[in-house]
């Protein structure tokens, strides 16, 4: 260890190269560490060290452009001798000086945002000179020699010689600088007292680190090892600062009505708690901006609670220097508050006839949804203070749930804002982040109101059934307050921390299924089922197409139909673009002029003859039909029946196949079946075995399964299937297998069964019936208690189908087989052409 002026530093120091500035002895500076070697120094030396010695490091400034610096160091084999060239040292270490400052690390803070880094609080102790670089990995370590061998002089010596004169002049200038500040500020008064207690030889470093200077000027002070030279380098900088303050005071006297300039005093430290930093900020438009912001706050027509909070934050903002990080946070908060539509709203268009025409033009079918909107408009005519309803459109993809919400906004004359909730798993997306967090912002509700600019827009919560849940909270639970008419009049976003009235907002949610929506959230919404389109409705939506589309699309919505029509239009466009040749004999000149005209316009001429799209052209463009109606082909053997299933994508037909072989009476089930469907299969087997004699299924034996194994399979084995509605289909399939009779190829069925042969009601009847209609089936067997659900089915679909309303399995079997099925009970009730 070397000893000098009461400060001792180790003879070997790890070196920290910094771009953040120049650390001078007696000053304190925060240094950001993010390069590999500097990070390794912090981990190995500062975080793992236990002694005071381990917290002392060498800080060397780097005046190069940080964008062109590299953390990699070249080989050091050529600079192992003590007396090496300074330029060689600088090149090796990535800096161009070998004089640095030994510093004491008083604080180390780590963070992973926006990337892993450390922030060090370093207090400068003394200068040192690099004499030999000992190693470069994992971080540089050098042998150093302590500088700052300061000459201690008495008060009498200060008056003699150039050094004494310089120190006296510098001390007087420092006192003058501090005297120009407001002495009523406690930190300024403390700085004035420190000037008398600090050693004169420390003043150049201390003042140079406090006043406004460039890194280059600070580096010149750092390189001034000789004390006299150091005073000469620092005195002009101090004088320049004094002249700037004088000019500022003159300007303020000439313009007494202007806002006062801010003179910010940053706390620093000679050693911890003993040094301060002065940073004069030039007067700008901040005063005018604050006044303008105050006018906006008062003109925003906020509720009393919000106004009180804004005025309090505005008062804090006026007292806050711009250099404080909290200044920008407070200003952003106030700007958000004044931009919110506290009292701005649009007037609803309550013309029922105009609304009906607009809805009919935008969407074909969907009568139930359009009727509900018209009912809302009618009630609003009678009661202007009606709260907005909370609707939930549930249906397959592509049926127009989102576009209906947009049309409702147009009909009402309101602003429309869509919020996609699919995959959202953080409750802060709904409620916002508290302002104590870095990067805090309001939730999507408040941001949507800001975007819409009014307090009564139409909000569409898309895919509300696909909300997630994580450690960051449950967004579905956060929506409970938003979608509750008794609570949303005082919705409190965490960022605003004041209530906002959402009662005038018309909330619409969309979902594919209600199964994944929490019951408490589902209870707050009015659910409107949006079923799939019929084939006729799709043709109408496709502008009355003259070709059949069922071979290329089989969906509840119209997205695939739109893509197929787009493919046809693109094919026609290619034909038009390629076929703009002349259709009559023209002279070379006329043909050349025509070609030039077409090239200039960039648009191909229309063909002379219309392009006809028939079934042949359809096959050429789209290829062979993707969905062949295979119903009749699949029912050519006993043991096959057609069921109806509901999925979030709409209704589907479902084949059930059974086969028998010699065995021990076991039942095998395949096709990705759930527990409920497996139980339905066992119920069907038990019922048929108990009624085998009644339906002549014994074949000479009391048990039809004696010496026989049954294999029941549901095709599309990759798709998981579950639910009770396949019960009647399984019974029919097994009855066909055991009797050897074919099930009618034009019949489909759905219904839950009991062990005593009753048929219970099921859900999704409309989607299931539409699926049967799309498959060109003619008869549909549904539970008797589902008869009321047929009212929602379009009239032309009911006219194309024969419905059998069955209350027992006997009625189901009678309707599923040609000529009925052997039984001792009455025939089923058949209602044709409803």
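Every residue, even glycine, has its Cβ placed from backbone N, Cα and C.
Record note: among 526-552, 553-579, 580-606, 607-633, 580-606 is the stretch given as region 'Disordered' by TrEMBL.
Looking only at Cα atoms, residue 768 (active site) sits nearest to 396 among the binding-site residues 396, 398, 399. Within the same chain, residues at least 6 positions away in sequence whose Cβ sits under 8 Å from that of residue 402 (ATP binding site) are 418, 460, 462, 510. For residue 398 (ATP binding site), the count of additional Cβ atoms within 10 Å of its Cβ stands at 19 [all protein chains shown].
Neighbour density for residue 400 (ATP binding site): within 10 A of its CB lie 23 other CB atoms from the protein chains shown. Summary: among the binding-site residues (395, 396, 397), the fewest other C-beta atoms within 10 A of the C-beta are counted at 397. Comparing local CB density within 10 A for the recorded positions 401, 768, the maximum falls on 768.
Comparing the recorded positions 399, 725 by how many other C-beta atoms lie within 10 angstroms of each C-beta, the top residue is 725. Cα-Cα distance from residue 397 (ATP binding site) to residue 725 (active site): 23 Å (rounded to the nearest whole number).
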